[in-house]
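Structure record follows, encoded as structure tokens.
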Amino acid sequence: MGKIKQKGKTGAARVYITRNQALKKLQVTLADFRRICILKGVYPREPKNKKKANKGSTAPVTFYYTKDIQYLLHEPVVQKFREYKTFVRKLSKAIGKGELDTAKRLENNKPIYHLDHIIKERYPTFHDAIKDIDDALSMLFLFSTMPVTDKIGAATVANCERLCAEFQQYVIRTHSLRKTFLSIKGIYYQADIFGVEVTWIVPYKFSQNVPTDVDFRIMHTFLEFYQSLMGFVNYKLFNSVGLRYPPKLDVAKSESAAGLAAYDLEESNSLPSIAHGDNKQARKRIASLGNKIGDIVEKDAETDERPEQSAAETNDATVDNGGDDKLDEFKAIDEDTTDAASKADAQVSSVDTSLLAPFTFYLSREVPRFSLEFVIRAFGGKVAWDPVLGGGSPYAESDPVITHHISDRPHLAQKYEGRVYVQPQWVYDSVNKGHLERTDLYVPGATLPPHLSPFVKLSENDYNPEEEVSAGEEEEEEEEGVDASEDKKAIETEKKVEEPSADVEEDETEKAELEHQRELEAEAAGVEYSEYMKNNKPSKSKKRSSDAMNADQKDEKEAKELSKMMMSNKQRKLYNKLENTNVKKENYNNNLRNKKKEIQKNKKAKADK
């Protein structure tokens, strides 16, 4: 006899656990449970059958995996939460009794927890961490622009500003920026970091009102984790390019709102420093390292040549034997990773990262310096700005080195010779398209071309706003217009001539008699035969409708209908839904194309006038 299965202890009831059961098991409050779940990456789950998972109950509850809760039992941060609660209770008791010495001693021994081990658990490799920094960057940039309130501390805002500036310094140094887009929400950026596309959004630097309906406790928990994560990532990124981390901050420039110019990047020394300055033997060993490394490289080259010679000899032997014995081929384990790395290198090489390197830009006080400085420097350009935007500008406004002057005013009081005056959009459009746009289209005061998102990937039949109307399409439109006018003329002539009643269905003989009758009436009315035939010529649109379906198309349509008949009811509904969405999308794209043609036709008519 098999083992009897007890109700509620097998299947979904054992795999899932409710939130109340998890709170009792961990012995923590709901707020602490939310914090630990966010930090550890444990999220609610949706079982296939809620009734079975809840042991027969249909009450609305939140489920978690039992293994995840078991995993949280051994987390050191949970113990730190308990110690912190004990500390708060003791501190409040000491302050209530007036024992200031005890309160001071407790404050000095306040329990502190770190998230280093959690980050190493969630991201075993650096590549995994880079894949997950999109949300981290967006939240850090958001809090770096928030005002200091009772919910958002000054230290939090300053730390977010520092981490964001460090990441921007790395992107500028490695020229990793690829795309940027100005939207209503903010400015979107995309950088290529170790072959991973990282996209984040930066809000505009306007005065922000802190909303009252947002739970900042949950936001702070995410922000706490993201700060630790970005600290690790920035450290690894700086070390990968040989820079010392953290970079030095010039306090005087920072206080004068220099922004990214306040950070001084220093090269890190690869060799360890000598502990004792008088250690001559250590210095001699370091000096002789170059010769030793050269000897090792030569030996490795010789050893690499020998296996190649032996492999060639064995290949010759197999050819002599007639190729009967075939050797096994073993692929390298890291072959896929090397292919991905080579593809990433090819993509990087195709992007012109030094697009703005020959130019020096000057930013007027009305343009967004925080964004333009980052984009221009990431593509190799040099930037100066108005003193109103902050200190630390490397050039004055009248410096002859400046080649481009970026302004967002319709009229400028003073202009310098030898400079190109453009609006800020010229920089973003040039960067997105990979080449320098025409500057005459972006002159201050001019109507700018549309700023399109580079993140939209168009398929074959999608509407492309940058696609120009071809001459063939214009000729077709003109022909259709001519056909429509001819149809109108034919209707007018038919109105003059008495027509028989159209309500009666006619066969071929009746149609021929009617046509003969019309010819006679037209001749009696004084209309020439050539003019009558010209007015009654069938239009191309009618020909297209009559000759639209040839034999192949009919066979294809019949095959499609037969396959549709063989579908089940569910499959047929899904197929019809897909067809309807495709038709709606096609109609939408055609409407956009027609609107563009009308706009271009109106512009052409105005230009001719």
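Positions of Cβ are set from backbone N, Cα and C atoms, glycine also.
Residues or ranges marked as compositional bias 'Acidic residues' by TrEMBL: 463-484 (among others).
The compositional bias 'Basic and acidic residues' annotation in TrEMBL covers 485-499 (among others).
What TrEMBL records for 500-510 (among others) is compositional bias 'Acidic residues'.
Across the compositional bias 'Basic and acidic residues' (511-521), DSSP assigns 11 helix, 0 strand, 0 coil. According to TrEMBL, the compositional bias 'Basic and acidic residues' annotation covers 511-521 (among others).
Same-chain residues lying 6+ beyond the ends of the compositional bias 'Basic and acidic residues' (552-563) with a Cβ under 8 Å from its Cβ atoms: none. According to TrEMBL, the feature compositional bias 'Basic and acidic residues' maps to 552-563 (among others).
Per TrEMBL, compositional bias 'Basic and acidic residues' is recorded for 597-609 (among others).
TrEMBL lists 351-444 with the feature domain 'BRCT'. Looking at the domain 'BRCT' (351-444) alone, the prediction's average pLDDT is 91.
The region 'Disordered' annotation in TrEMBL covers 300-326 (among others).
The region 'Disordered' annotation in TrEMBL covers 453-609 (among others).
Sorting the compositional bias 'Basic and acidic residues' (552-563) by DSSP state (H, G, I as helix; E, B as strand; all else coil) yields 12 helix, 0 strand, 0 coil.
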